[in-house]
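Per Swiss-Prot, the features are:
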ACT_SITE  Lys166  active site, proton acceptor
ACT_SITE  His285  active site, proton acceptor
BINDING   Asn114, Thr164, Lys168, Arg286, His318, Ser370  substrate binding site
BINDING   Lys192, Asp194, Glu195  Mg(2+) binding site
MOD_RES   Lys5  N6,N6,N6-trimethyllysine
MOD_RES   Lys192  N6-carboxylysine
SITE      Lys325  site 'Transition state stabilizer'
Amino acid sequence: FVGFKAGVKDYKLTYYTPDYETKDTDILAAFRVTPQPGVPPEEAGAAVAAESSTGTWTTVWTDGLTSLDRYKGRCYGIEPVAGEENQFIAYVAYPLDLFEEGSVTNMFTSIVGNVFGFKALRALRLEDLRIPPAYSKTFQGPPHGIQVERDKLNKYGRPLLGCTIKPKLGLSAKNYGRAVYECLRGGLDFTKDDENVNSQPFMRWRDRFLFCAEAIYKSQAETGEIKGHYLNATAGTCEEMIKRAVFARELGVPIVMHDYLTGGFTANTSLAHYCRDNGLLLHIHRAMHAVIDRQKNHGMHFRVLAKALRMSGGDHIHAGTVVGKLEGEREITLGFVDLLRDDFIEKDRSRGIYFTQDWVSMPGVLPVASGGIHVWHMPALTEIFGDDSVLQFGGGTLGHPWGNAPGAVANRVALEACVQARNEGRDLAREGNEIIREAAKWSPELAAACEVWKEIKFEFEAMDTL
């Protein structure tokens, strides 16, 4: 007699516990499960809980050396998805001790690791995570957060304006710096390295950093406003990434940038710590997110990637536009925008928020709206995102018929007009076009922009619906 019963047994006997009362310290997950035909939902949900925590495909002798009751993940609820015949939401609770403190990497390796290749499931999607304060408190979080950023930049009561420098690849460092200068002097707060711009043969990073710093200081002197350019520190190794951040700090610029998904959470968290220690703001780009979050039935919803970024650390993150050329349905986008900015977010299924999330005192992240937006979108963007956001117009600045600086002027005038109209109590949703038209009478730059983009729309159904 060996002391345990060998063999394969149903996961649901151990891992499906509908009576379980979740603890305040548990990490809770909501999975959208599509079982293979013939697999009951309880078994599928239990399999997810097992394979993402303590379980394996057969009972093992070493199970007797630990306490499964203390360490196992539990599927504590299953509900069918309305309008889908073979999809279920499985709720799984994970004991806190399964995770290394302060490591988004470890959290994801467990929760969205091997289980996503599991044969008994046709597809699996992580819709939301509840991060308990007991776990979130082990993370530094954003280097500075919204309030500190406003204080550093001395900009209040309005969204911030940015612009990605295009053409994204092929400019020399000197011409790139020139484009940055024109945008900043025209009235933008920030310009941005495209996420593809790292250090390529046509423009090495050190040269770009130098010419961009020159553009920042020249435009600051001219306008009397604090300016920034997101210098992309993303690199092939962590050491090289930190070296770039160090050079940015030596130049005295206010902000650097990182591609957090392609760069990886470990690198991102290291950079976020460096940024707080050295007074740099950190702008986060989400290149690769659509690989993970675009399919409705498999992968991870962006709200999970957004929560993970707030823990790993970043002061800005791209979050869709609701109105431009990229994905995003309004209520769902606003749901994760609140998860990024607010301290306490109530469960609200209509906005895709499966759990109440309490961030306690972790700083917030500014959502960045970027992609296919222009002056006519300004009232809608001001209305949807409010003051705590960064609105980024790449083509919408550089595509201006008179050049970058007038393009920047047009955007700044449009923004100031919208903010003023809102503060006067006007309804931006209804009177938006009128507000822009009025402002254009006083600004030839804005009038020219209004002329160019009057008809542009990207009309497709959003895929990210509930």
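Placement of Cβ uses the backbone N, Cα and C atoms for every residue, glycine included.
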**Asked** In the same chain, which residues outside the set Lys192, Asp194, Glu195 have their CB within 8 A of the centroid of the CB atoms that define the Mg(2+) site?
**Response** Thr164, Ile165, Lys168, Asp193, Asn196, Val197, Tyr230, Asn232, Met257, His285
**Complete:** Counting other C-beta atoms within 10 angstroms, the emptiest spot among the binding-site residues Asn114, Thr164, Ser370 is Asn114
**Message:** Which secondary structure state does DSSP assign to His318 (substrate binding site), in the simple three-class scheme?
**Reply:** strand
**Item:** All-chain count of other Cβ atoms within 10 Å of Lys166 (active site, proton acceptor)
**Value:** 15
**Message:** Given the recorded positions Lys5, Asn114, Thr164, His318, tell me which ones have a C-alpha lying within 10 Å of the C-alpha of Lys192 (Mg(2+) binding site).
**Reply:** Thr164
**Count of other CB atoms lying within 10 Å of the CB belonging to Glu195 (Mg(2+) binding site)** = 20
**Asked** Counting every protein chain present, what is the number of Cβ atoms, excluding its own, within 10 Å of the Cβ of His318 (substrate binding site)?
**Response** 23
**Asked** To which of the recorded positions Lys168, His285 does the lowest count of other Cβ atoms within 10 Å belong?
**Response** Lys168
